[in-house]
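Here's the structure, in structure tokens; my notes come after.
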Amino acid sequence: MSDIALTVSVLALVAVVGLWIGNIKVRGVGFGIGGVLFGGIIVGHFVDQAGVTLSGDMLHFIQEFGLILFVYTIGIQVGPGFFASLRVSGLRLNLFAVLIVIMGGLVTAILHKIFAIPLPVVLGIFSGAVTNTPALGAGQQILRDLGTPVDLVDQMGMSYAMAYPFGICGILLTMWLMRLIFRVNVEAEAQKHESSLANGHSLIQTMNIRVENPNLNNMAIQDVPILNSDKIICSRLKRDDTLMVPSPGTIIQAGDLLHLVGQPTDLHNAQLVIGKEVDTSLSTRGTDLRVERVVITNEKVLGKRIRDLHFKERYDVVISRLNRAGVELVASSDASLQFGDILNLVGRPASIDAVANVVGNAQQKLQQVQMLPVFIGIGLGVLLGSIPLFVPGFPVALKLGLAGGPLIMALILGRIGSIGKLYWFMPPSANLALRELGIVLFLAVVGLKSGGDFVDTLTQGEGLSWIGYGIFITAIPLITVGLLARIFAKMNYLTLCGMLAGSMTDPPALAFANNLHATSGAAVLSYATVYPLVMFLRIITPQLLAVIFWGMG
């Protein structure tokens with residue numbers, strides 16, 4: 001058997017063993033995809049014992065390409081929400097999550113200086129303690145750029161594996177500890193979260209209002225400031241028994257019923273100006289109007305603003321809502337359309353069909369993957385990661401590397417959405433498949449390289465010490481920030497658990513947090529809010545630590 005065939009066969013065996021290990025769960029918690037690392041260690045141990053030689057160049061390529069695939073697909077997935085998560089609504093959550101990352105880096109630095117832990121080892125412990133595989137790849141990349149011998153770089157994977165198990169268990173223990181210390185009633189916390197959502201600005205709602213303000217009688221909708229803003233959409237108007245789709249030039253009369261869409265505060269302000277909220281139904285049932293959802297799949301409308309498409313003037317159709325990446329938004333006239341956006345339309349059947357033809361509404365297109373943008377994005381990301389940044393006082397030029405470059409490029413492209421006929425939307429199933437393939441390839445190679453010396457290091461070397469260092473890196477930031485968030489910020493317990501899981505980019509921890517309450521979405525919401533920024537910082541942190549310590553030592 002050739003070296004290439006043998007290497008591929010061994011990698012396939014590692015994936016099978018590792019994924020089987022990852023599927024083993026104790027009380028609902030398992031290693032998940034991290035099991036591939038331990039599958040690689042097991043197979044690597046026996047491969048080393050048998051004296052089998054694998055293709056080193058091929059293993060190196062597979063490891064790096066797997067990492068690129070993983071971080072790129074993460075960036076495409078979270079890109080649309082990344083910059084939004086940095087705004088005020090998620091600012092507090094992100095600040096606490098960033099504090100966890102910073103404290104983890106500080107604890108790592110202190111352990112490195114006090115116990116003189118070799119740089120590759122301490123970076124591996126850090127990556128394993130925070131259960132972040134891209135951090136491992138980024139650390140190995142910068143160490144190679146700094147000229148670290150290959151055998152020392154491979155130690156990083158071994159120390160990562162030592163610290164990884166408590167990295168997963170530590171966050172679960174922290175959640176349990178917070179619940180114990182503060183005597184949390186999970187049901188009460190879930191109700192508080194639902195109440196805060198209902199009173200906040202995060203949900204798009206509707207309101208039916210009767211026109212009672214005499215100053216509005218015989219005025220056009222476009223002349224009423226609250227109705228001519230991008231905060232409120234008037235999607236239906238009922239006069240006597242006639243339901244119609246209003247246009248900006250529609251004249252309002254006293255007694256008209258308006259169906260408005262917007263955020264709760266804006267709807268309340270509109271009600272104060274216009275008249276009284278009523279329970280009268282403005283349903284399209286039994287009328288010649290209907291409400292339908294259509295999806296943007298036509299490349300010709302990508303990047304165009306809603307106002308430029310003139311749907312109301314041309315087709316007598318109103319867009320009442322816009323759903324992007326699962327988030328309901330008011331259909332602002334300045335909003336630019338992206339591939340996969342879902343529009344809520346109100347109008348006559350023939351008119352809605354005409355608009356659907358314009359925007360595409362081809363469901364099968366949502367399941368297709370444009371491979372050209374994928375490789376353009378990966379290529380640009382690798383180029384970005386290879387650009388040297390010379391900083392005075394540092395021994396080598398800083399680079400984003402093969403982990404940071406594709407991630408940042410994917411975040412940017414995911415946020416842009418499309419350029420001309422190229423769009424960076426990727427079906428969730430395709431994104432997940434590429435992401436899982438990438439991380440399996442990466443972890444399989446890391447495990448194989450670490451497996452030969454793993455048992456000796458654990459039983460006769462410093463493996464137990466590495467585990468102890470990892471416990472400090474995991475526990476100190478999580479417990480400290482958990483206490484601060486609960487005591488001083490009065491953070492909801494379920495929101496806190498999601499934030500802690502997101503700060504460690506740990507899906508098993510998110511699954512555990514979700515199981516705390518069957519119906520509350522608090523944990524998922526906070527996890528998704530902090531995940532993009534934290535993933536970026538987790539990849540950058542080991543590179544900064546490596547360059548700083550290399551310069552000092």
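In case you wondered, yes, glycine gets a Cβ from its N, Cα and C as well.
What Swiss-Prot records for this protein:
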- 4-24: transmembrane segment (TRANSMEM)
- 28-48: transmembrane segment (TRANSMEM)
- 65-85: transmembrane segment (TRANSMEM)
- 95-115: transmembrane segment (TRANSMEM)
- 158-178: transmembrane segment (TRANSMEM)
- 192-276: domain 'RCK C-terminal 1' (DOMAIN)
- 279-361: domain 'RCK C-terminal 2' (DOMAIN)
- 371-391: transmembrane segment (TRANSMEM)
- 393-413: transmembrane segment (TRANSMEM)
- 437-457: transmembrane segment (TRANSMEM)
- 464-484: transmembrane segment (TRANSMEM)
- 493-513: transmembrane segment (TRANSMEM)
- 533-553: transmembrane segment (TRANSMEM)
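Against the transmembrane segment (533-553), the recorded stretches 4-24, 95-115, 371-391 differ in Cβ pairs under 8 Å, and the greatest number is found for 95-115. The largest share of C-beta pairs under 8 angstroms with the transmembrane segment (493-513) comes from 158-178, of the ranges 4-24, 28-48, 95-115, 158-178, 371-391. Listed as Cβ neighbours of the transmembrane segment (371-391) (distance under 8 Å, sequence separation of 6 or more from its ends, same chain) are residues 68-69, 72, 76, 397-410, 413, 422-424, 426. When Cβ distances are compared across the two stretches, the transmembrane segment (158-178) makes contact with the transmembrane segment (464-484), since 3 or more pairs at least 6 residues apart fall below 8 angstroms. Counting only same-chain residues 6+ beyond the ends of the transmembrane segment (95-115), those with a CB under 8 A from a CB of the stretch are 122-123, 125-126, 129-130, 465, 469, 472-473, 476-478, 480-481, 484-485, 489, 491, 499-500, 502-504, 530, 533-534, 537-538, 541, 544-545, 548-549. By number of Cβ pairs under 8 Å, the transmembrane segment (4-24) is matched best by 437-457 from the list 393-413, 437-457, 464-484.
DSSP labels the residues of the domain 'RCK C-terminal 1' (192-276) in these numbers: 25 helix, 30 strand, 30 coil. If you look at the transmembrane segment (437-457), the same-chain residues 6 or more away from its ends with a CB under 8 A from one of its CBs are 10-11, 14-15, 18-19, 33-34, 36-48, 54, 59-60, 62-63, 65-73, 133, 136-137, 154, 157-158, 160-162, 463. A Cβ distance under 8 Å defines the sequence-distant neighbours of the transmembrane segment (393-413), meaning residues of its chain 6+ beyond its ends; these are 64, 67-68, 71-76, 78-79, 82, 134-135, 137-138, 141-142, 145-146, 373, 377-378, 380-387, 424, 532, 535-536, 539-540, 543, 547, 550-551.
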